[in-house]
Amino acid sequence: QKLCERPSGTWSGVCGNNNACKNQCINLEKARHGSCNYVFPAHKCICYFPC
C-alpha cells in the first residue's frame with residue numbers, strides 16, 4: 001500500500017525526535033507512520049497516510 005506524506009497537523013515547532021513524531025502521527029492523526037523530515041527551513045514532523 002502506497003503512503004502519502006503530509007505535514008503533521010498537531011506538531012508545532014522543529015522536529016527533533018523521530019519517535020515522538022511517529023507516535024503523535026499514529027495516535028493523534030491516525031497515520032500509519034511519521035518521521036522528522038527536512039523541509040526548508042527546518043525539520044518538520046511528517047505523517048504518512050494511505051493514499
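Note that Cβ sites are derived from N, Cα and C of the backbone, with glycine treated the same way.
As the structure is a computational prediction, the values presented were derived from the model and not from experiment.
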CYS47: disulphide-linked cysteine among CYS4, CYS15, CYS21, CYS25 [source: Swiss-Prot]: CYS25
Among the candidates CYS21, CYS51, the one bonded to CYS45 through a disulphide according to Swiss-Prot is CYS21
I want to verify the bond table. Which candidate from CYS4, CYS36 sits on the other end of the disulfide that Swiss-Prot records for CYS15? CYS36
Work through the recorded positions one by one (GLN1, CYS15, CYS21, CYS25, CYS36) and name whichever has its CA nearest to the CA of CYS51 (disulfide bond). GLN1
Roughly how many angstrom lie between the C-alpha atoms of CYS36 (disulfide bond) and CYS25 (disulfide bond)? 11
